[in-house]
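What Swiss-Prot records for this protein:
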CARBOHYD  Asn66  N-linked glycosylation site
CARBOHYD  Asn302  N-linked glycosylation site
CARBOHYD  Asn328  N-linked glycosylation site
TOPO_DOM  1-8  topological domain 'Cytoplasmic'
TOPO_DOM  26-366  topological domain 'Lumenal'
TRANSMEM  9-25  transmembrane segment
Amino acid sequence: MWPLSHRHLCLAFLLVCVLSAISFFLHIHQDSIRHGLGLSVLCPDRRLVTPPVAIFCLPGTPMSPNTSSPCPQNSASLSGTWTIYPDGRFGNQMGQYATLLALAQLNGRRAFILPAMHAALAPVFRITLPVLAPEVDSRTPWRELRLHDWMSEEYADLGDPFLKLSGFPCSWTFFHHLREQIRSEFTLHDHLREEAQSVLRRLRLGRSGDRPRTFVGVHVRRGDYLQVMPQRWKGVVGNGAYLREAMDWFRARHEAPVFVVTSNGMDWCRENIDASKGDVMFAGDGQEASPWKDFALLTQCNHTIMTIGTFGFWAAYLAGGDTVYLANFTLPDSEFLKIFKPEAAFLPEWVGINADLSPLWTLAEP
């Protein structure tokens, strides 16, 4: 046999390299097709025929408590892209998040949140929905749908693969069948929970100095509602008489409860809530720019007294236990009742105490 020349060896080596490269790219191509990625992974400039689904997540947004994968759970059984406009304050965006999650699951769609919602909720909760990349948001041919604040039959059969929701949904009728999942999504980060529990551990009953065994979170909504409710909605906010009746309801049913008061009007609370029994603690800081401190306190209590608003609703929903709420807080002809259904806003087992509407009758007098 003739010995191989140096040139022959070089040619053989090059042939092996070429064949290996071809085999490698064929493997990558087949794998990308099998996983639905197509050529866009290898050729980023290639325009996709259908709008892409973002797999971009901001740091700190794991997809489940046990993984940091950037892909949605059970994504193989879901399709399309749904999101929701983040609008309003803390409680509003919690309602939007929970409603998006529930409706997307019901319709077999992938749910994504926008960066602004992530910025509002992720510092507080262990939320798992991925964040939609801005470039994907801008390229997607959305159909938009404004939701009203209660579940409707048509919401269970939405055929749109690319849907952007809006509105201020915060009704248990959307998501109560997923209560444990919603509670998991809104699990506080450890440092916030521990800080709130540390505050509660330091509380003592005023007369005896004993450590309380039952904590009742009290949220008193003030701020802009003082003008909005009477002037726009023919409604009222909770007054001192309502709070006294609600506290007496708990005193009659629980041994030595302590009432942990939070509000965006703490000065009003100190002036109008009777603390002479030694069981009322004004623990909230009232800082609307950092509402999670008060929110964490409320969720770590056993029971809840709320006035009005989504902040109080979510505190009660996550805390569990007994909840007392302000009922019938508008006049019967209020426009508010066109966008708000009490039976869809408050859980059936919650206890309502009727509001005092006499200030509204005074305003209506000529």
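Yeah, the Cβs are placed from backbone N, Cα and C, and that goes for glycine too.
Asn302 (N-linked glycosylation site) is 25 Å away from Asn328 (N-linked glycosylation site) when you measure Cα to Cα.
Of the glycosylation sites Asn302, Asn328, Asn302 has the largest number of other Cβ atoms within 10 Å of its own Cβ. Across the topological domain 'Lumenal' (26-366), the model assigns an average pLDDT of 86.
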